[in-house]
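So that you can see what the record holds, here are the features copied from Swiss-Prot:
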- 1-28: topological domain 'Extracellular' (TOPO_DOM)
- 29-50: transmembrane segment (TRANSMEM)
- 51-63: topological domain 'Cytoplasmic' (TOPO_DOM)
- 64-85: transmembrane segment (TRANSMEM)
- 86-102: topological domain 'Extracellular' (TOPO_DOM)
- CYS100-CYS177: disulfide bond (DISULFID)
- 103-123: transmembrane segment (TRANSMEM)
- 124-142: topological domain 'Cytoplasmic' (TOPO_DOM)
- 143-163: transmembrane segment (TRANSMEM)
- 164-194: topological domain 'Extracellular' (TOPO_DOM)
- 195-209: transmembrane segment (TRANSMEM)
- 210-236: topological domain 'Cytoplasmic' (TOPO_DOM)
- 237-256: transmembrane segment (TRANSMEM)
- 257-273: topological domain 'Extracellular' (TOPO_DOM)
- 274-298: transmembrane segment (TRANSMEM)
- 299-387: topological domain 'Cytoplasmic' (TOPO_DOM)
- 319-343: region 'Disordered' (REGION)
Amino acid sequence: MNRHHLQDHFLEIDKKNCCVFRDDFIAKVLPPVLGLEFIFGLLGNGLALWIFCFHLKSWKSSRIFLFNLAVADFLLIICLPFVMDYYVRRSDWKFGDIPCRLVLFMFAMNRQGSIIFLTVVAVDRYFRVVHPHHALNKISNWTAAIISCLLWGITVGLTVHLLKKKLLIQNGTANVCISFSICHTFRWHEAMFLLEFFLPLGIILFCSARIIWSLRQRQMDRHAKIKRAITFIMVVAIVFVICFLPSVVVRIHIFWLLHTSGTQNCEVYRSVDLAFFITLSFTYMNSMLDPVVYYFSSPSFPNFFSTLINRCLQRKITGEPDNNRSTSVELTGDPNKTRGAPEALIANSGEPWSPSYLGPTSNNHSKKGHCHQEPASLEKQLGCCIE
């Protein structure tokens, strides 16, 4: 490898010598992968937001947090086409400096937002199961909305620095748009990239382990609804690890190489730089997989799809429009299917989707308001009126 070719990878960023690569492999492989993530993520999160906004008949704190998670994922997904175009052009940004800053800010903000709200969902379920009588389980929807706004404020505060400086850098004939680079320095931005993973990871693993242990101690893990709840908890942890761990591991390896080798020979970093951008696609995949979290969060979501599919099939068979039914598909949960399962785990599948639940004469509503009078067998062990 001649010296001239090695120098091609050097780029001065903020008066520091950095290594920057424009890899043909990324240009060929990542755009199709990101395209699939965009399609499935847009469909999944778009449908989730549609259900939240138009078919949810009442709100609870846990659903407010899930709604914010869906918003974060949706905002990240709509930025993917710009990144796809960037990779197709072999890391050559054609939209100018301000759009470059905005897209990188949106990616960083919504990546962090997804992490934060996944963590909040795990903590919320932890308190409802392990500490069912804790005051946090009784927070109002208004309080949950304020907490969500504060979390968004923290997220914006930690990523707004990406809007303040120029991130579009001339690299030969190409314009490179990057917020992460291989430089012999450890910046605050990169430190946060690691901290925002390991701290939530510890919290999510702790909450998941305590919930499963608590249920098994009370010999409740064999109940069908409890098994579904345990599946939900495990899905949250698995999605988090699969999507965010690979890029963090590669970034740590880059820091180690910088500490031991410096930036004198950029060829040392070619493979790890390629690995980092590939693992970043796993990060974007989080927005595609989070709808699985919504699906397992409550029987209401699969019930909704079952109801929608059944109505569509019925109309197709009869060949006539269903004029006697509302064009809005609403779920009416089956209380017989959910009786006896802890509310903290099944998220009240039988009530918020049904308009009758809101009626003053609803028996379900009456029992929920005075559940200490006739608690179900499993609710006695977990505590009632916890959601």
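From the backbone N, Cα and C atoms, a Cβ is placed for every residue, glycine too.
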I'd like the number of other C-beta atoms within 10 A of the C-beta of CYS177 (disulfide bond), please.
23
When you scan the chain for residues with a C-beta under 8 Å from the topological domain 'Extracellular' (164-194), skipping those not six or more beyond its ends, what do you find?
8, 11, 13-14, 16-20, 22, 86, 89-94, 96-97, 100-101, 103-104, 108, 158, 248, 251-252, 254-255, 258, 262-263, 266, 269, 273, 276
How about the transmembrane segment (64-85) and the transmembrane segment (195-209): do they have 3 or more C-beta pairs under 8 A, pairs 6 or more apart in sequence?
no
Can at least 3 Cβ pairs under 8 A be found between the transmembrane segment (237-256) and the transmembrane segment (103-123), with each pair 6 or more apart in sequence?
yes
Rounded mean pLDDT for the residues that make up the topological domain 'Cytoplasmic' (51-63):
82
Beyond the flanks of the transmembrane segment (274-298) by 6 or more, those residues with Cβ under 8 Å of it:
21, 23, 25-26, 29-30, 33-34, 36-37, 40-41, 44-45, 47-48, 62, 66, 69-70, 72-74, 76-77, 80, 110-111, 114, 118, 121, 180, 228, 231-232, 235-236, 239-240, 242-244, 246-247, 249-251, 254, 346-349
Neighbourhood of CYS100 (disulfide bond) by C-beta distance under 8 A, where only residues 6 or more apart in the same chain count:
TRP93, LEU167, LEU168, CYS177
